[in-house]
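These features come from Swiss-Prot:
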ACT_SITE  Asp123  active site
ACT_SITE  Asp142  active site
TRANSMEM  12-32  transmembrane segment
TRANSMEM  42-62  transmembrane segment
TRANSMEM  66-86  transmembrane segment
TRANSMEM  93-113  transmembrane segment
TRANSMEM  133-153  transmembrane segment
Amino acid sequence: MTMPGARGWPKWFALAALVIVLDQISKLYFNSRFQYGEIRPVVEGFFNFTLVYNPGAAFSFLHDAGGWQKYLFTILAFAVSGWLGWNIVKRRFSGLMNLAAAFIMGGALGNVIDRLAYGHVIDFIMVHYYNEWYYPAFNLADSFICVGAALMVADSMKKPSR
């Protein structure tokens, strides 16, 4: 089914490219200005910048698997991005779903660049509650993937038009 409000697929690909550029610039910045493991508080007790490398996936899943996971996550990112891109081009998504897809594609491909270039993903954002609770470090690509996923959920909860 073709969605009437989903025209202009190049803008969604441009948005995905912008996400990749922002992600890569931020990673280059932190990788060049921080020592590995260095922590700089931004909001004391809640938010830090740091520099860590993640050879696995979210929450360091499979970080110690021996290297094959890099290829698995790369193939998965290309497959998902290809499927999302195809659906954007074929106008099968609503406008909100296109936005979500662009965010997910940009984030996934931003992390693929890291995996292929460095063998790991560069993370630098650390959210925590003093010394009691720490969320795993993440990056802009991860943030865009999460926002995209939330937008997909929101889009799926909309009532269908008659």
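The backbone N, Cα and C atoms fix where each Cβ goes, glycine too.
Quick caveat, the model's predicted, so the values are computed rather than measured.
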Across all the protein chains here, work out how many other Cβ atoms are within 10 Å of the Cβ of Asp123 (active site). 23
Can you tell me which of 12-32, 93-113, 133-153 gets the most C-beta pairs within less than 8 Å of the transmembrane segment (66-86)? 93-113
Integer Cα-Cα distance in angstrom, Asp123 (active site) to Asp142 (active site): 9
